[in-house]
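Pulled from TrEMBL:
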type   : residues : note
REPEAT : 171-205  : repeat 'PPR'
REPEAT : 374-408  : repeat 'PPR'
REPEAT : 475-509  : repeat 'PPR'
REPEAT : 510-545  : repeat 'PPR'
REPEAT : 546-580  : repeat 'PPR'
Amino acid sequence: MTTSPPVRQCLALLRSKNSSTPLPSATAAQLHALLLTSGHLHYDSLCLLFRSYCACGRPVDAHNLLAQMPQPPPVSFCNTLLRSYTDLGFHREALILYSRMRTFDHLTFPFAAKACGGLRLCRHGRAVHCRALAAGFGGDAYVQNTLVSMYTRCREVAAAEAVFSAMRSRTVVSWNIVIGGCVKNGCPERALEVFEAMVGSGVGIDRATVVSVLPACAQTKDLRTGRAVHRLAEGRGLGNYVAVKNALIDMYGKCGSLEDARRVFEDDKFDKDVVSWTAMIGAFVLNDRAGKALALGCEMLMTSEARPNAVTMAYLFSACASLPSGKHAKCTHALCIRLGLQSDIVVETALVDSYAKCGHLEMIEMIVEKGSRRTETWNAAISSYTHREQEKKAIELFKRMIAESVRPDSATMASVLPAYAEFTDLVQAKNIHCFLLTLGFLGSAEIATGLIDVYAKAGNLEVTWELFQCLPEKDVVAWTTIIAGYGMHGHARTAILLYDKMVEKGVKPNNITMTSLLYACSHAGMIDEGLRLFDDIRNVHGLVPNAEHYSCLIDMLGRAGRIEEAYRLIEDMPFKPTTSVWGGLLGACVLHENVEFGEIAAKHLVELEPENTGNYVLLGKVYAAAGRWADVQDLRRMMEERGLHKDPGSSVVDAKSELC
């Protein structure tokens, strides 16, 4: 068959483009159509088209051509297609192709391992590893590097280190992969150890090494090592690269060294990009310099060509959240809209959190209503209501979320269960229990523990115990929840028995566990047991008693009438007494009509909370019980002069819950 001039031109174009810049996608498809309609789609032209499709990012079309070839394609063709799939993130398709291959070379396994890492399929990754060993490529440095990377992406750090240890020749890339993998898997200390071994073995570091190890210094707050890495980078001539500068700013900011971060940021030897500005703004936010963070954000807008991204705005919203006025949050919100970032999920959740901390709860509902309405946004709003003690609002929003067919996730349930717990409604506890069973959330220990807390606070200890017994593994949070549940309902002895069982099982209690036990002993009048537990805090468990522990102990001694002993304990406290400590002593003085120590406690409370009318009212009760009516009148006159008024009492009767 005679080849027409257009077909010859087509083939010439394919040959020339396969060795240089790839053809545009549409052009490759047009050439394919021309060859097909002219009848010149033979083996050679198929091979040329195949390479063109792989190069221009159309691996599916390339795969279809591979199936049309009259003879089995060489392994290099399959490798080219594997590379095209993995470069575009089509990891599942890459693994399907790999599973059908029968011949391999040293390039096949790196692409297959990369696909397994992308899908976090450790079992498949191990199979690729085994086949590479069986095919004789287990000692290939390129294969080993990709296997290390695959294992770290699958969170199998031990397996990654085993492959790394078996390598005969470790390049700087090998070390960098291990260091970066340890950091990403929450092992920064190990990353620093590997880096130290790398430097000690004489391997020269590069930019990737510095950028990988500095986050480990940031996570461990190891400023000394961070500065050493900085000096090493400067000595190797790596200090002026933008990525290195950005990593240094981030490290210094997270280690609390704002001066160093600012010095790196203000260096004129590099062009600041959006990451540079964002890292410096984040450094100010993390070190409680909200005003400076917002000022730097304004400077970025006015003087830099870099435009804020979603992470920049999230940091700025964090800065707004720490300021009492909500006007900064509203201005930053308007900037997000102008930049077109308002629908980004990172921005939306940060915006909800900022408005909640500024007290602008009315804005949260507007964001949920007019925003992207994704699960994460609903979660942020529910969590904000819960933390602001707006339990009813949180539950209403959760039910609206379900009604609008937005599927909740485990974060949703972790946010709403504390609201159900504080609502102490047994009917609602049963409703949420059924919901969790239906959607299969009770397989999570965290969610099951949250439900235990709901039933415990609602007073159904029978179901609380059954749920606790069903937990496959009981951590300190689960034990603390069940102990607190029995303690708050007057079953102090049961709470102590559970505590003894917990210690026997080898679970170490935390400060909240001990607070719950002391609270139970205080309300049950078990003084000796309470004193023993207070001693256990330091002497048995190695914890440091905090203000809550002292407050419970003082309340316990005060209820028993041992007021002077409670006062001596306050004097011996290793830190300044809080309002809860003095409040516990004043409450005991009211109960036992002790004017002497009541006046002392009230004096300290008035200094700490001059606007709290409850303190004056309690002291008035002490005077009235002792018959000192003149002092009562003087106290009331003082309140009037200061413009203080006692809040009227109120009662709540829940005849039928509106939430049922």
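The backbone N, Cα and C atoms fix where each Cβ goes, and this holds for glycine too.
Secondary structure of the repeat 'PPR' (475-509) per DSSP, as helix, strand and coil residue counts: 26 helix, 0 strand, 9 coil. Beyond the repeat 'PPR' (546-580), the same-chain residues lying 6 or more positions past its ends with a Cβ under 8 Å from any Cβ of the stretch are 511, 514-515, 518-519, 521-523, 525, 527, 530-531, 534, 537, 587-589, 591-592, 594, 597, 600, 604-605, 608-609. Sorting the repeat 'PPR' (546-580) by DSSP state (H, G, I as helix; E, B as strand; all else coil) yields 24 helix, 0 strand, 11 coil. In this model, the repeat 'PPR' (510-545) carries an average pLDDT of 92. In terms of DSSP secondary structure, the repeat 'PPR' (171-205) contains 26 helix, 0 strand, 9 coil.
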